[in-house]
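Participant: The structure's right below; bear with me while I get my questions together.
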Amino acid sequence: MASSSVSSCLLLLLCLAAVASAQLSPTFYDSSCPNALSTIKIAVNAAVQKENRMGASLLRLHFHDCFVQGCDASVLLADNAATGFTGEQGAAPNAGSLRGFDVIANIKAQVEAVCKQTVSCADILAVAARDSVVALGGPSWTVPLGRRDSTTASLSLANSDLPPPFFNLGQLITAFGNKGFTATEMATLSGAHTIGQAQCKNFRDHIYNDTNINQGFASSLKANCPRPTGSGDGNLAPLDTTTPYSFDNAYYSNLLSQKGLLHSDQELFNGGSTDNTVRNFASNSAAFSSAFAAAMVKMGNLSPLTGSQGQIRLTCSTVN
């Protein structure tokens, strides 16, 4: 009996140790690569200074990564005809619009020069997203670290799990709920659209067919987004027409005026359950900043690979 109890205790301790080692920690690289975070920040600041739009692109990369298999840098894996590998970059929500891969590759190369095969691409994405928001005047948050990189990707999940711009409120709540987010957290993370741009093909139906849009706003967009499908599909418009390169709460004020660029944006303020959240964030920038930071930490915790799972890629676009 005593021997059995000792064995049980040892097993319990081993299990607890395994759980503890699987937890992400902000200090993960303090000893193994103390200059990792500063290296990433300097590179992100340089990229955003060169092109303001890049901040939104890096934030979107992290979101499109975490929302598929989890925060494992699967979105960075490129298709490889020679090996038959198919990644997620060709998925409908990603193809022709996801960008910033070259910036991440450059950051990875700089980090590798400081610490060989130590810092994962998944962690670089998470930190770069935070640093991009900060670079554009938004809130900061502490990024838990220790994610590892996947050796797989899922085109089918990228097509099915990333919410498209034509979703209604119920569909948005379900899509985010499937990842463990509340309706309020969904509305909070949507505030990332305070920066960035969208292609005409993604807001054409909203400006021509929806009635819950400011008509002056809709008219101002039509010249650059002709009605016929296939005409000007890739033409861009800012998601936040007020302050397109500042991370602030103007996105929510725009929704109050029916100036959401995407159908899915305006669904957050259209007589539904998230109306009060939009009103709150529109009038209280501190409340939005705090909620966004917390929601980003939660998103960064979506199914990370830790411990001996996955790998630390040498280059982010290919498995070792």
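Keep in mind that glycine also has a Cβ here, set from the backbone N, Cα and C atoms.
TrEMBL lists these features:
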type	residues	note
SIGNAL	1-22	signal peptide
DOMAIN	23-320	domain 'Plant heme peroxidase family profile'
DISULFID	Cys33-Cys115	disulfide bond
SITE	Arg60	site 'Transition state stabilizer'
ACT_SITE	His64	active site, proton acceptor
BINDING	Asp65, Val68, Gly70, Asp72, Ser74, Glu88	Ca(2+) 1 binding site
DISULFID	Cys66-Cys71	disulfide bond
DISULFID	Cys121-Cys316	disulfide bond
BINDING	Pro163	substrate binding site
BINDING	His193	heme b binding site
BINDING	Thr194, Asp240, Thr243, Asp248	Ca(2+) 2 binding site
DISULFID	Cys200-Cys225	disulfide bond
Participant: If you count the other Cβ atoms within 10 Å of each Cβ, which of the disulfide-bonded residues Cys71, Cys200, Cys225 comes out on top?
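Facilitator: Answer by Cβ density within 10 Å: Cys71.
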Participant: How many neighbouring Cβ atoms, not counting its own, are there within 10 Å of the Cβ of Gly70 (Ca(2+) 1 binding site)?
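Facilitator: Result for Gly70 (Ca(2+) 1 binding site): 19 other Cβ atoms within 10 Å.
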Participant: What mean pLDDT does the predicted model reach across the domain 'Plant heme peroxidase family profile' (23-320)?
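Facilitator: A mean pLDDT of 98 is what the model gives the domain 'Plant heme peroxidase family profile' (23-320).
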Participant: Using other CB atoms within 10 angstroms as the count, which residue among the binding-site residues Ser74, Thr194, Thr243 scores least?
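Facilitator: Selected from the binding-site residues Ser74, Thr194, Thr243 on minimum Cβ neighbours within 10 Å: Thr243.
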Participant: With the Ca(2+) 2 site defined by Thr194, Asp240, Thr243, Asp248, which remaining residues of that chain have Cβ atoms positioned within 8 Å of the Cβ centroid?
Facilitator: Ile195, Thr242, Pro244, Ser246, Phe247, Asn249, Ala250, Tyr251
Participant: For Cys121 (disulfide bond), write down the residues of its own chain that are at least 6 apart in sequence and whose Cβ falls under 8 Å from its Cβ; none is a fine answer.
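Facilitator: Long-range Cβ contacts: Ala73, Leu76, Ile104, Lys108, Asp149, Arg313, Cys316.
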Participant: Have a look at the recorded positions Glu88, Pro163, His193, Cys200 and say which one has the shortest Cα distance to Thr243 (Ca(2+) 2 binding site).
Facilitator: His193
Participant: By CA distance, which of the binding-site residues (Asp72, Pro163, Asp248) lies nearest to the residue listed as 'heme b binding site'?
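Facilitator: Comparing Cα positions, the closest of these binding-site residues turns out to be Asp248.
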Participant: For Cys33 (disulfide bond), identify the closest of the recorded positions Arg60, Gly70, Asp248, judging by Cα separation.
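Facilitator: In terms of Cα distance, Cys33 (disulfide bond) lies closest to Gly70.
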Participant: Specify all same-chain residues, apart from the site residues Asp65, Val68, Gly70, Asp72, Ser74, Glu88, whose Cβ lies within 8 angstroms of the center of the Cβ atoms of the Ca(2+) 1 site, ordered by sequence.
Facilitator: His64, Cys66, Phe67, Gln69, Cys71, Ala73, Val75, Ser150, Ala153, Ser154, Leu157, Ala158
Participant: If you measure from the CA of Asp65 (Ca(2+) 1 binding site) out to 10 Å, which recorded positions from the list Cys71, Cys225, Asp240, Asp248 are inside that radius?
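Facilitator: Matched recorded positions: Cys71, sequence order.
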Participant: Near Cys71 (disulfide bond), meaning Cα within 10 Å, which of His64, Glu88, Pro163, Thr194, Asp240, Asp248 (recorded positions)?
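Facilitator: Cα within 10 Å of Cys71 (disulfide bond): His64.
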Participant: Which recorded positions are spatial neighbours of His64 (active site, proton acceptor) here, meaning Cα within 10 Å, out of Gly70, Thr194, Cys200, Cys225?
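Facilitator: Checking Cα-Cα distances against His64 (active site, proton acceptor), the recorded positions within 10 Å turn out to be Gly70.
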Participant: Taking just the CA atoms, what is the gap between Cys115 (disulfide bond) and Val68 (Ca(2+) 1 binding site) in Å?
Facilitator: 28
Participant: Can you grab the distance from Val68 (Ca(2+) 1 binding site) over to Asp240 (Ca(2+) 2 binding site)? Cα atoms, rounded to a whole Å.
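Facilitator: Distance (Cα to Cα, whole Å): 26 Å.
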